[in-house]
Structure formats: C-alpha cells, structure tokens
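For reference, the structure is listed below as structure tokens.
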Amino acid sequence: MVRFLVTRLAGMVGVLFLVVLFTYAIFFALSPDPAVQICGKNCTPELIDQIRTNLGLDRPFYEQFLGFLSGLFVGTTYGTGPNAIDCAAPCLGYSFQTGQPVLEMFEQRFGVSATLAVGAAVLWLLMGVAGGMLAAIKKGTWFDRAATGAALGGVSIPNYVLALVLQYVLVVQLGWLPFPQAVPFAADPGQWFLNFVMPWLVLAFTYASMYQRLTRANVLDTLDENFVRTARAKGLAPRLVWRRHALRPALTPVVTLFGMDFAGLLGGAIIIETVFGLNGVGKMASDSITKNDQPVIMGVTLVAAFLVIVGNVIVDIVYTTIDPRVRIGARA
Amino acid sequence: MSALLEVDDLTITFRTAQGPVDVVDQLSFTLEQGASLGIVGESGSGKSMTSLAVMGLLPPTASLRGRVSLDGTDLTNLPESKVRRMRGDRMAMIFQDPLSSLNPYYTVGMQIEEAYRAHRAGVTRRQARKVAIEAMERVHIADASRRVDHYPHQFSGGMRQRVMIAMALSTEPDLLVADEPTTALDVTVQAQILDLLQEVRRETGTALILISHDLAVVSEIAEDVVVMRQGVAVEQAPAERLFSDPQHPYTRALLDAVPRIDDEIGELRGIDSVESAARVGGKP
C-alpha cells in the first residue's frame, strides 16, 4: 500500500510538472506582450522596458520558467531595490489587470465554486444514481422511459439554455426565487441559499443525466452477470441479490467518474458561474481569458489541473478498497 | 426408493420477435435419490434450459408447461418465494464458467457462507465460516482456513470450480445440477473436477444432473443418459447401453463425431446441421 501511494504520488508530481511546463510554454509563445498591457495609456518605450525587466520578461524562456517554478515552491521577488515585491510560496504571480496576487484571488473565489460543486454533486448523485437504479429495476416501464427521456434532454440541452429558461420561469414568471445577486453567507444565509438553488439545479441536471445513463446501463449489465445468476441459484432473497451482488459492481465506475467530475468542478464552472453572475473560480477564469490576464489564466489552469490530478489519485485509492482485484499487495 | 426428481412433459417456450419458439419440447425423465443423469446435446439442444427450469431460474421471457417435481412437490406451481427457499438448499447448481460465476468483489468464504446462511436461520457468521472451511476442505482446497479469505481472482480455474462445488454442497442438497462444469477448464483439470463430483456424490449421496455437450464427460459419471436434440429427447437409456448400442441415428452420429485415438486417420465427422439450421434455437 505504501509503495502504491509513493508511486502514485510520484506520478502525480510528474504530471503536474508537465502541466506547468506546457501551460507556461503555451502562454509564453502565444500571448501578446504583457508589458504593453500593464503599461496602459501613458506609455513610453522606456517604461515598457522597465516593466519587462521587473517581470523578467527580457530573460530567455527557461529562466522565466524556472523563476515561475521556484516561485511556486519557495516564493520569489519581483523587481529590485525599494520597489521590489516579495511573493511568498506558492507564488502564482500578480494579476496584470488589478495587481492583486493570483493566490489571493483564488482564496476569495474558491468558496463560491466549492459551494456550487458540493450542492450540485449532492443533487446529481441523488437524481442520477437513484434515478438510474430505479430505471434499471423498472426497465421498460413508463418510469424508465420518462427518466431516460429526461436524461437524454439533460445531456442534449446546453446548460446555459436551461439556465435562462429556469431563470425566466422561476424568477420572472413564478417569482419563486429572487433574482440572483451576490450576497455573502454571513449577511443573509437564507438569501445566500436561494441564490445557489438555480445554479445547483442547472449544474446538477446536466451531470445527473450522464450519471443516470451510466448507472442504468451498469446496473442492467451487472444483472446479466453470471455471478448474479449464482446468487439467485443460492436462493438468496432478491433484496440481497440486488444489494450485495448487483449494486456494488454496478456503482464502481460511477465512483471513478464522480471523483473526476467533482474535482473538475472545484476548478470552476465557467458557464454556470458566468450565467448566474457567481463570482467563483470559473468566472475568474473567463474574465482573465477575455482580458488576457496571463498570470491568472496560468493560475486557474494549474489549480484546475492540480485538483483533477489529486481527485484521480483519491479515486485510485478509494478503488483499492472497493475492488479487491486492484487491491495492492493481494497475491494469487 | 422413490424418485427424487420427476420431470414430466416439460415444454419451455420463448417469446421471440418471430413468434413463440419451443426450446424444450415434452421432455420427461426421472432421477432417483443419489442417482446420476447425464443430459447430452449440441449447443441449442435445450439442455441448459432444462437445468434452469429445474432450478426455477428460467429467464422472464420463457414460459413453462409440464411438471417439475422434487420429492413430490411440483415446483412449477409453487410461488417464487417457496421455490427460492428450496433453491440452494434442496437443490444446488454449478455453472460452466467458474470465474464469472463468482462475484469478484467478495471473498470466496463470504460467498459460501452466504449460500449457507440463506437457508439456515439464526446461524452466526462464525458457524457459517466453519461450514465454509469444511466445505472447502471437502473439495480438497488445500489450506482452506487461509484460502477462505481470498478472492476469486486469486484462485485458478479448477480451484474456482471447486469453490463453486463447495458452495453448492454447503447446504447438503439432495440434488446437484452441474451445467457444463468442466467446459471452461483445461483437460487435466477437467478430469480432477469429474473425479471430485463422483467422490462427493459417493460421500454425500447427492443426486447429480450433469449437462454436457461432451459424451466423454457424461460417460465418466452418468448412470443414465438423455440425448437431446433441438429440444427433444431423442434417446434415453442407461449409459452403458447407450454407448455400446445406440438406437437413434443422432446418438450414433454424436458418438461417431468424437475422434478416437485408435481411429485410422481420416476426416473428422461432423453432424449434419442442415436440419438443425431450419429451427430457431440456441442458448439464450
């Protein structure tokens, strides 16, 4: 188990390094000169040169990359003399637009994305997994058809369309929900909660549709397995056949998918956050892209990749407890 | 001795898009306590469906006419919950592919215990575990008290089939149905499993239905043989007579199709399949 963890973590570090390298290379090669952007309207060539020197943009790629890496691990200092700015590890740099440290921007926004992800995850697991199981049990009935049809809709309707429709119906027509606006939890918990209802629903619906289809298909496949026939041949009660022998194998792939989806969402739900005006990591990503705010784009990419990779490792570890065939140290 | 199992006029019909198809047609046989019966036939002859019908495990798309009675109780008229209580207790079954027939997520011990506890109310896990270990020892799995905690993937094919047999025997059933128990195994292991089936039959007095496409396998064990073709029993006879003096041309063709080591070298003989193809059938 220890060896498994070590190799898994080493692999994770390797992948992360590649992600950092490629992201950095892409932004280095593709982006317009950030010094010009930072310089603003009253710009002189001398000023641009000075900004370049301060940010180290005049240095070759590998030096800049190493500087960025060391910033991540030990912190870094921008500029020299009295104007020098210390950026403690893990330093993701400063926004070109606002001058705010990227890490601080994350800290302010992560809570929103996490709240969005957790609430939506609870909903979609309830709807998707339970719905998928029920549809499989009641295969061919009206429930199955309705659930499968709804799932097809959920997969096909883009979530921004659903978001707008829902806003129109629930807010404008029925007035059941207030128009979404940013309210801190401490100021008014009720209002805060209501604000999240629609984003949760919309986000969850899309995922629930995928989970419903996956769960239904897996359960039906598992029910056809020979070991389910064996369980029935033993004379087990149908409830036990179902719970012990059908459900556990059927839900294992769902765990994998969930780990990755959830981790991905923590890195921001760009469309949902933008549509509902939630100031989360996803909104920050889309803003930084439209404004070509390189350090923020880099930061978002890295953190999102980090979360997905960590999510994967966690899934792998969880898997070893669910499925004995991948359990480490088990010998034939 | 009274008959343990009586199958009388059994007809199994599947609803298909092309209309109903009889996969077993008016099959009758009896099996005495402790006796052994082989059912032989090609793929699609209905032999597996017969075994599932005896166990009450036919798929929902199949319907059944006739009688299947165990110790005088007609199973076809019993509600499913009552049949379920007999299934795994009075009658047990082992299958062709022992790997996929065992649940990969649970230890073999747990799966044997589960079979036992399903029919013995109030048995503790401890007692069930003891039964599981004893059952594994009875089928000659070495080091059973340690192996009981292993998972199916940690066993070889032959060992897995031993586990299946141990599971089936844990409740000391009157009838063991073995559906192609050696087909997925290699030849040397096949012989061991057949020997084991013989041995447990001798020791426990369990009656055995052995289903196989392989005449050699059936000839090793069965006292009586039913030859099935396209759902119909074409010949039923004591094994000795059937192999020495087959009456039906199909039985002769089956016997001829088995290559013999002392044969002159020639073409392998098949069975004329033109007629077979005319009927819809086959394993589900």
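Glycine is treated like the rest: Cβ placed from N, Cα and C.
Per TrEMBL, the feature transmembrane segment maps to A:9-30, A:110-137, A:149-170, A:190-208, A:250-276, A:296-319. Taken from TrEMBL, the feature domain 'ABC transmembrane type-1' applies to A:110-319.
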Between the stretches A:110-137, A:149-170, A:190-208, A:250-276, A:296-319, which wins on the count of C-beta pairs under 8 angstroms to the transmembrane segment (A:9-30)? A:296-319
Excluding the flanking five residues on each side, which residues at least 6 beyond the ends of the transmembrane segment (A:250-276) place their CB within less than 8 Å of a CB in that stretch? 110, 112-114, 116-117, 120-121, 125, 129, 159-160, 163-164, 180, 195, 198-199, 202-203, 207, 210-211, 214-215, 218-219, 221-222, 282-286, 300, 303-305, 307-308, 310-312, 314-315, 318-319, 322-323
Long-range Cβ contacts under 8 Å made by the transmembrane segment (A:190-208), restricted to residues 6 or more beyond its ends, are 115-116, 119-121, 123-124, 127-128, 131, 151, 154-155, 159, 162-163, 166-167, 170-171, 177-178, 180-184, 261, 265, 269, 272-273, 275-276, 278
